[in-house]
Amino acid sequence: MSTVVPSTPKLHGSVHDSSSSLEKIDALEATLGATSLSASPTDSTAVSGLETENIRSWWTVLGAFLVQLTTIGHVNAYGVYEAFYKQEYLSNSSSSAISWIGSTQYSLLFALGVVGGVLFDKGKFKPLVYFSTGLYIFSNFMLSLAHPHHFYQIFLSQGLGMGTAMGLLYTPSFMIVGDHFRRRRALAMGVVACGSAIGGLIQPILLNKLFSSSLGFGNSIRCDAAMNAALLLIACVTMAPKKARQSQAGEEKKKVDVSAFFRELDYMFVIIGGNLVSFGLFFPAVYIQLFSVTKGFPTTFSFYSLAILNAASVFGRIIPNILADRYGLVKVMFVMILGVGAAVFGLLGVKSVAADVVVILVFGFFSGGFSSLQSPIFASMAKSPDEIGARFGIASVIATIPCLIGPPINGALLTNEFIWMRPIVFSGSCTMLGAALFLFILLRRRPTTHDSQDNYVGTINTVPVEKNSSNMSESTAVPTV
């Protein structure tokens, strides 16, 4: 008999005195042994996961990283466009109207993730990537042909065209990496996620340099479009789907009752709370550069303000995830939201460049933490692997609401007189309301070691025991010591 694992004292009764406990252990060992013996060395779902990771898998990570850099990384630089359009190219339009361009990109980025996910599941990954890349490149170069003060030309090319392409690329680029990896999936997807932060660092600096040069708007956009096109073409070559899996005999895919999600109080509170926080999240991301300019700070600093914010978010995407493994997802998320709210309200007291830098750094770190923890929270709330996609899909569709209307609301509150207190108070208040909902989740949960779905609260930590599955590894909660 194999050595008894340290977690066995969690079973009811004493291991030494109860024969029923020994029978349970024997049954568990027999099950695990049978599973490992039945797994074929060539099966892509083998427990070890070593067979699924090769050089082709890491080339796919590179391609997905570049997709993130050119999609959400480019969207994260919209604050540069907002300031440039308001001051020069669309100066006859209000800040609220201009922000509809960026908010449309944000909303399509998430809303079309459902479409991209469905096409990916149907084995259409390569055609999807080729079509989306072509649409992205075409729309990006069409933006360079837009005339000054012609809002509809910029909205069609940048808002709708590029937004649609980004939405079709964004989610599948994550899914393809998850399809390649098992044992090191978290590491691989973490590398991919950093692409958005790196893009948010590079794109603002590049765009500001181009817009302030003598090239003009058209040539500046063409330079940026050429870089984006080259990166996406590399991504098309390096990303590749895995070979089609052979479904196991007699295995049936579990039907997911989506309507049951809406009866789960915690799930709904996480969605509603996350959307409230997003109203505050997009305010600095869109308006921080314009804020710095109108405050009279040096132009050089104002141009780098958005890059500083995105650079700080790189650390926010790493450190909070490490802490969440120890203290629990919702606990760390609650702290991240408080940090976002405090930073937004902190903009009210900004009177100097130093103060602006501090607020930007704080906001960048905590907003990065908030963004990176949303996916693990939804995944941890799933009762089975078959639910994960559905829970993500519902959350993504609902997330389009603050993405679409948040920046325009802030722009309307700002007015052409740049009354910053109004959007700051609105955004900060929404963020704190979101924090209140996450606090309610923490206060109402009283998890036990027999309820593995409470792991995301942080009372107990679990490690996954992988089972042979045709889609992904199924996690069985085993309390760690």
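For all residues, glycine too, the Cβ spot is worked out from N, Cα and C.
Automatic prediction, not curation, is the source of TrEMBL annotations.
Annotated features, as they stand in TrEMBL:
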DOMAIN    60-446  domain 'Major facilitator superfamily (MFS) profile'
TRANSMEM  58-77  transmembrane segment
TRANSMEM  97-120  transmembrane segment
TRANSMEM  127-146  transmembrane segment
TRANSMEM  152-174  transmembrane segment
TRANSMEM  186-206  transmembrane segment
TRANSMEM  226-244  transmembrane segment
TRANSMEM  265-289  transmembrane segment
TRANSMEM  301-320  transmembrane segment
TRANSMEM  332-351  transmembrane segment
TRANSMEM  357-380  transmembrane segment
TRANSMEM  392-413  transmembrane segment
TRANSMEM  419-443  transmembrane segment
Taken over the domain 'Major facilitator superfamily (MFS) profile' (60-446), the model's mean pLDDT: 85
Segment proximity, the transmembrane segment (301-320) to the transmembrane segment (152-174), 3 or more C-beta pairs under 8 Å: no
Same-chain residues at least 6 beyond the ends of the transmembrane segment (186-206) whose Cβ lies under 8 Å from its Cβ atoms: 57-58, 61, 64-74, 76-77, 79-80, 173-174, 177-178, 180, 224, 227, 289, 303-304, 306-307, 309-311, 313-314, 317-318, 321, 368, 372
The transmembrane segment (97-120) and the transmembrane segment (332-351) contact flag, 3+ Cβ pairs under 8 angstroms: no
The transmembrane segment (226-244) versus listed stretches 127-146, 301-320, 419-443: most Cβ pairs under 8 Å: 127-146
When counting Cβ pairs under 8 Å to the transmembrane segment (301-320), the leader among 332-351, 357-380, 419-443: 357-380
Best-contacting stretch, by C-beta pairs under 8 Å, relative to the transmembrane segment (419-443) and drawn from 332-351, 357-380, 392-413: 332-351
Cβ contacts under 8 Å made by the transmembrane segment (392-413) with residues that lie 6+ beyond its boundaries: 94-100, 102-104, 106-111, 113-114, 117, 171, 258, 261, 271, 274-276, 278-279, 281-283, 286-287, 374-375, 378-379, 419, 422-423, 426-427
Non-local residues, at least 6 beyond the ends, that sit with Cβ under 8 Å of the transmembrane segment (332-351): 273, 277, 280-281, 283-284, 291, 295, 316, 320, 323-324, 358-359, 362-363, 365-367, 369-370, 373-374, 377, 420-421, 424-425, 427-428, 431-432, 434-435, 438-439, 442, 458
